Amino acid sequence: MSVELEEALPVTTAEGMAKKVTKAGGSAALSPSKKRKNSKKKNQPGKYSQLVVETIRRLGERNGSSLAKIYTEAKKVPWFDQQNGRTYLKYSIKALVQNDTLLQVKGTGANGSFKLNRKKLEGGGERRGAPAAATAPAPTAHKAKKAAPGAAGSRRADKKPARGQKPEQRSHKKGAGAKKDKGGKAKKTAAAGGKKVKKAAKPSVPKVPKGRK
């Protein structure tokens, strides 16, 4: 029996080691995805910070909004934590002040009044939109270059008929002269024909010899 147990024990230990290795491999495979999720969460602003910015924008007070006003407006959101939400708002306000997203108008710490730093908020949007605005005029320049040869061709086409108009005028003049010449020739031929007709109009009288009377 002891021999059989000795033979069976290494098998069980080997199976246990294999299971441990597979578990360790699974945890190692899952760890990079967890790290990525954590890095994304760190890069993105917290939802309470976004809530603070939105509430201050909604209130729109010139002299800044206090923590009490921000809290009363922010707690209307359905996902707001009613127990710890106020402390989360304090931390997010401090972070936004350090970030230069918020300007502290009055007081010190989280007990003062806060206002949005519009230069930073609007400047970020302008910087993002600047490359797109810079690249936008490029296609219009290409279109203008493409349109320029067409315009030059149309100008050349306009100039060519101008040259061709002079021969037309000359041809008209020649045509008028030709008409005049033809008219003069027709008159001359008509006059000559009239003379011939007049000459032919005289009747030819047969001459009678004098000796036969």
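From the backbone N, Cα and C atoms, a Cβ is placed for every residue, glycine too.
Per Swiss-Prot, these features apply:
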type	residues	note
COMPBIAS	33-44	compositional bias 'Basic residues'
COMPBIAS	119-129	compositional bias 'Basic and acidic residues'
COMPBIAS	155-170	compositional bias 'Basic and acidic residues'
MOD_RES	SER2	N-acetylserine
MOD_RES	SER2	phosphoserine
MOD_RES	SER31	phosphoserine
MOD_RES	SER33	phosphoserine
MOD_RES	LYS47	N6-acetyllysine
MOD_RES	ARG62	citrulline
REGION	22-49	region 'Disordered'
REGION	107-213	region 'Disordered'
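In the three-state DSSP assignment, the secondary structure recorded for the residue listed as 'N6-acetyllysine' is helix.
The 10 Å shell around the Cβ of the residue listed as 'citrulline' contains 6 further Cβ atoms across the protein chains shown. Within 10 Å of the C-beta of LYS47 (N6-acetyllysine) we count 13 further C-beta atoms, all protein chains included. Cα to Cα, the residue listed as 'citrulline' and LYS47 (N6-acetyllysine) are separated by 24 Å.
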